[in-house]
Every structure is written in structure tokens, then in C-alpha cells.
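Reviewing the structure listed below.
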Amino acid sequence: MDALNQTRVAEFVFLGLTDNWMLEILFLIAFSVTYVLTLSGNILIVVTIVSTPRLHTPMYFFLSNLSFIDICHSSVTVPKMLEGLLLDRKTISFDNCIAQLFFLHLFACAEIFLLTIMAYDRYVAICTPLHYPNIMNLRVCVQLVFALWLGGTIHSLVQTFLTIRLPYCGPNIIDSYFCDVPPVIKLACTDTYLTGMLIVSNSGTISLSCFLALVTSYTVILVSLRKQSAEGRRKALSTCSAHFMVVALFFGPCIFLYTRPDTSFSIDKVVSVFYTVITPLLNPLIYTLRNEEVKSAMRQLRQKHVFLMKSHT
């Protein structure tokens, strides 16, 4: 409580991505388009899966949840970044900064757990297909989704508590375009070595353990594919390769940013942009471009929409 009582900083100031106004205009246009495409692409996937009965399977249930998380994840940081690109002074209140930090880690951790669950789902489907309906039934899927949100909430509460308990009474300039734990705790008016190590340990344990679980599951899947038919191998490899691309795109920046000591590199902002802006857009592109079932369902949904429009005219 003493640390909280010492907090005197009312707002933080972002340095943003650049101080070049021409680059800011280019970034504003590019990231605005990216954000709109991210929202529309992920919303389209959710609507397609919900409205197509044949896609009511565990794999697509988890995929719709992934799209929902990507919508939330990008919406935590991108609107504030776009606002900063429009304004000369890029500020955020202390309370809003902590809220942004909390939801950023909530959705990021939820996505980590969900990608791990999706790998487990593919492992069961490919390695034990006869038992798949019993193992991955609706009740289990709902319980797994509840567990990932619970785990993400606990992780985010830990990160937020470790950050907010520090006193912030001096500098308030964040060398970033959003509030995250590493740049924020650098502004604390106390030694943050122990807190930083606890934060890195918490994030690092989750990221690395889930990544190792993913690599292990895909290794087992690849080994088991030798026993499959040619058509079975083709279909399994198509699904798993799309999933593994999403895993690599998400875990790469995540591990780079959150599993190292209190150090910063000039490339951090580029990695952060990829992690918060680009990856949520790539996920729907990867899954739709490489998944014939989803593309077919989208075409049918579009045809149905066109038919309804014509029937009302």
C-alpha cells in the first residue's frame, strides 16, 4: 500500500514509432487498413463457422475462438497507436495504461494457451482418430476454453500486480506506442531488478513451456504420419502446417520480447508492431487461404447473402 500511495504520475507520454511526420502519415494509412482488414477477416471467420453446421467441430470451434482473441488483442493497442499517429502529444492516463497492460497480457496469454490446445486437438485427431469423438467432445472443448481464459486472467493479474505495486514518481516517458510491463517498470522510482526477474520468469515459463509442448506434439504428429495414407498425410500436413505457421509467427516475437532480462534493442518496436498489428491479420489469411472447408463455407455464405439480397429487391 505504501508503494501505491507514492504514485504521483498522472499520465505517461509515448515516444511512438517515429518523430518523422511523413512516416507517421504512411504508418497511419497502412495500420488503419491493416486494422480494418484484421477486424473484417476475423469477424468473417467467426460468422462463417457459427453459421455453417458442418464446421461445428472442435478444430473450428477453437479457430473461431482464436479469431475472437485476435480481434481483442489488436484492439487493445492499435486504436491508441492510430490516435498517437494523429496527435503531436501521445499520452495515456495512468489508469488507462494499467488497463491496457492488463488486457494485452490477458489476450496474449489466452492465445498462447489456445494455440497449445489446438495442437493437442490435432494430435488426438491424427494419432488416435477412433477415440477423437470421445476425447474432444463438446464438454471438454468448453472446459478447455474456460481454462485458457482462467489461466490468461491469472497470468495478467500477476503481471499487473507486479507492475502497479511499484512507485512511479519521476519520469513518465515510455519508449513505445503502448503500455507493456518492461517499458513501464523502467520508470519506477525504485530498484526493479527482482520485480523484473519475477515478470520474466512468469512470462518465460508460460511461453517456453507451451512452445516446447507444441514442438513435441507436432514432432509426434509428423512421426505418426508415416502410417497414414497419402491422402491422409496430405490433409493432415495442410492443416498442421497452417497451424504451425501461426504458432511461429506468434511465439517468435512473444519469446523475443518477454523471455529475456531487463534489456532493450532497437528492433523491439519493429517486433512489437509485428506482434500486435500484423500477426492478428495473418492468422485469418493463413487459415482461409490454406483451408478448403472454410473457403467453401465462405462462398456458400456469400451466395446465400446475395440470394437474400435479391429476394428483397
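Cβ coordinates are placed from backbone N, Cα and C, and glycine is handled just like the others.
Bear in mind that TrEMBL entries carry predicted annotations, made automatically and left uncurated.
Here TrEMBL flags 41-287 as domain 'G-protein coupled receptors family 1 profile'. Annotation source TrEMBL lists transmembrane segment at 25-47, 59-78, 98-120, 140-158, 206-225, 237-258, 270-289.
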Could you give the residue numbers and ranges of same-chain residues that sit at least 6 residues beyond the transmembrane segment (25-47) on either side and whose C-beta is under 8 angstroms from one of its C-beta atoms? 17-18, 63-64, 67-68, 70-71, 74-75, 78-79, 81-82, 85-86, 277-278, 280-281, 283-285, 287-288, 294, 298, 301
Which residues of the same chain, at least 6 past either end of the transmembrane segment (140-158), have a Cβ under 8 Å from a Cβ in it? 58, 61-62, 65, 102-103, 105-110, 113-114, 117, 202-203, 206
To what whole number does the mean pLDDT across the domain 'G-protein coupled receptors family 1 profile' (41-287) round? 88
